[in-house]
Each structure stands twice: as C-alpha cells, then as structure tokens.
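What follows is a short report on a single structure.
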Amino acid sequence: MCLYYKFSSKGVASRGMAQFQEMMRQQLENSMHTELENLLDTTTGVEREVSKKDVEGFKKLFHRFLQVKGPSVEWIKIQRPPEDSIQPYDKIAARGLPDNVADCLNKLVVVKLNGGLGTSMGCKGPKSLISVRNENTFLDLTVQQIEHLNKTYNTDVPLVLMNSFNTDEDTKKILQKYTHHRVKIHTFNQSRYPRINKDSLLPVATSLHMTGQNAEAWYPPGHGDIYASFYNSHLLDKLIEQGKEYIFVSNIDNLGATVDLHILHHLVSQPNGKRCEFIMEVTDKTRADVKGGTLIQYEGKLRLLEIAQVPKAHVDEFKSVSKFKIFNTNNLWISLAAIKRLQEQNAMDMEIIVNPKTLDGGQNVIQLETAVGAAIKSFDNALGINVPRSRFLPVKTTSDLLLVMSNLYSLDAGCLTMSPKREFPTTPHVKLGSSFTKVQEYLTRFESIPDILELDHLTVSGDVTFGKNVSLKGTVIIIANHGDRIDIPAGSMLENKIVSGNLRILDH
C-alpha cells in the first residue's frame, strides 16, 4: 500500500526544535546530494548526461519530500466540487460534432503510459505486448484505433509511448512492425530514480549500472513523471511546433480509453480566455472501485484525492459510494502549451506518494512517486467529465482478460464494443482463482472462451478446466477442493449453479 509520507511537527512548540529539525533536513539533503554525485561518477558519456537529468529531477522530488510537514489534505477543508466543474458526458455529446472533425484531430496527440511489465499476469517484458483479443496485443489495438482515425478523416494523429527503462528496449524492437501503418509513433523514457533505504533515506544503489545487486536499486517514479520527462525529451516542443495543442493520456491497458471526438471538440472549441487546460474523465463508482481516487474542491481548486492521502479515521467515509460518487479513470486531456508553461515556471504541483517496498534480499526501501492526475490543480479551467463506464475497461488480471476475450465484446478497428445482445450495460463480476493467475496457465484451462452474455457473477477456485462451447449464465460458482479436479464438459450450460467436489471426464 502507498502512503503519503509526513514529517510530523506535532507537539513542537519551541523555535529551537524547529531550527534543529531544519538543520537535520539540510544535513540529510546534503548527504543525498553527495551520494547522487558519487553515483554519477560511476559512468561517463551519454549515459552520464541522461542520468544527470534524472538526478536533478530526483533532487527536486527529495527536497519536496523533506519539506512536507503534515497531511497533504485537512479533511475539514474538503468540499464537494461545484456542479459545473464535473459535466455529464451526455451534455458534452449533445452539442454534436463540427463539420471540421479533421481540424480538431490534427491538434491532438495520443499518449499511452507504457512503463509497466506483465509480471503480475505471469508474463515477461512490457505488459503492452500481451495478446488480449484475436492475437492482438494492447499495442496492436492502440495502433489500429489511431490508424482508423487517420484514414477515416485524412488526419495525422501521432502516437506517443511513455516507456520506462523496463520496457523501452523490447517496445522499440516491436515498433518496426508498424512501419507501414498510417500512424507516426514516437517514444520517450520516463525517469529512472534511486530507491532509498527506509531508515537512512539514502540510495541503496552502488552504481548507475542495472546489473547484480543494483538491478533492484532503481525504479520508474510513477506516471506523474510524464510532465518533466516529456518536456526534457524535447518531443513536447517538437509537437507544439507541428501545431499540436492537446494530448490524450491513458494507461495502455485500459481498452476503453479511445479517442472521443465529443470531448476533443469541447476542448478545442472553448473561447481563448476560458480555454480548458485539463480534463479528467471520471465515472460512477461501484463497490469494486471504492479505492479509486476522486475529485474534490479544495481551497478553491478542483483536486484529485487518493485513498493514500486520507486519514485513517476517514477511510470508510472515502470509500462510501454515497458521498464520493465518482472516481478517476486516468483518461486525461491536457494542454501541451500549459505543460510547457508549468514546467518552465517549476509550478507543477503534485503530492508525493511514498511507496514502501521490500527487496529480494529483505531490505526495506521506499520509492517516491507522483500521479499524473494529481497535477489537475495546477491547470487553469480544469474540468471533470462523467463518462460512461465503457470508457474504463482496464485489464489488470486474467479475470479482466476473460471479459475482453469473450463474446461480451465485438472488435472493430481496434475498439471493443459491448454486444447489443447483453441485456445489462454492466460487466459480469469475474473472480478466477490462483490457478488462473498466469496468462499461459489461464489459456490452457479454456478450450474456448465460454459464452458469458447472460453471466452476472463467476467465481472459480482450484484445478478447473473448461471444454469447448461452454455457456455460463446468472451466478456460477465452481470450486475444486485441494487434490480434486473439475472438468466442465464441452457444450455444458451452467445457469445459477454451484459446482464443487471432483468432476473428471476421461477419454477411453
């Protein structure tokens, strides 16, 4: 779990104690600077220059981390956002589309956050290279979506991938396959920051190299790093020179995050004095989303509130679906000129998330991170748009993968659309057990993906396999106890059934 770190000054009454604390902070900062310079001395040439930018960024983050003197929000100051600060999507869409859709699209850049690995699903390499539908990967579907837009409207919407040092090499190799597609693809790398010892607050790395014990000593510092890394890569300036005005940013594993022409039109059609610099897509919270960040009004600004910022006494209140009714999908529309201005003024304000980790050797470390949506309060005329749930379709687990591979969705030009045959707009709740965690194991357990058009809830636990053309309806619970195995026969139809015990069909 992530925590927002705080230097507590509770009970500090004397000025002398405050001065002592400031002196300790200064000493710690000086020690950190010395350690970072020593790390830079372990390499030369281009690598040193790249690492120097990372080091400068980390110094700023560490300085801010040391300055924090308490909780990042005071609960009593939290207010509901004003009515007009979160617009319903239907109201935006009701305006229709302009005749010059191409002009709008030519001002847009699609940015996908591509720093994550597929390790949580048992895959090596970038998560974006996992096959999710008809042998198409997350990256394939993204390229297909943008190519379709460019061909349909005769436009030039580029794709930008924010890679991390974990994903950059493998991603660049695969990009060659898109050479003849009608999409210009650019990449830049997010920063590489040092993990720090939880007790000493100094780097655990002994060199800049990623080998041996140093392999675990570095981390990509969360997607809030997009602003500085994008700016430092010079790609931001290049795109502005080409007439681009907005980026649409989303996680590459959110298959619902497609370019929405109505939201884009709303952005580019605002009068100059009231140009909206930041739109956050939010959607209605369900019990499955209680930990998701929400929008609040705080000190006169629209602000993202994450669960890690919430005092323990108020966590249940934060999770309440009645009080905080929406959550952040991390689909964001942001002005390029505003990013440039805020970076140059050093005015990008994001809370620091302190993420504790334990390394393989047992060492406790912390990594300082920021979240891209937290910068909303730095932008002028920021807005939330309450979008349909269909724009939030993340694939984090094989349970999610089952949904997007099934007949619940149809695939057209890289976009997944829920089948009109589904009577309810909500997706079924699917919970596959530990035998299904890894993608390869999951695939061997299904001869074909079941028909789940009429499914409400599926729980599977233990050693279970599914034959071809299985149909699941209503609530289905299948539990194979330890040592038992259940084979669901080909052609079975299970409706509101609990299956347990041992069921094997053997060839003879």
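Each residue, glycine too, has its Cβ placed from N, Cα and C.
The UTP binding site annotation in TrEMBL covers Lys127, Gln190, Gly222, Asp253, Lys396. Counting only same-chain residues six or more apart in sequence, the Cβ atoms lying under 8 angstroms from the Cβ of Gly222 (UTP binding site) belong to Ile353, Glu369, Thr370, Ala371, Val372.
Sequence-distant neighbours of His223 (substrate binding site) (same chain, six or more apart, CB under 8 Å from its CB) are Leu113, Gly115, Met162, Gln190, Asn251, Asn330, Ala371, Val372, listed in sequence order. Feature annotation from TrEMBL assigns substrate binding site to His223.
Least crowded of the binding-site residues (Lys127, Gln190, Asp253, Lys396), judged by neighbouring Cβ atoms within 10 Å of its own Cβ: Lys396.
Taken over all pairs of the listed UTP-binding residues (Lys127, Gln190, Gly222, Asp253, Lys396), the Cα spread reaches a maximum of 21 Å, rounded to the nearest whole number.
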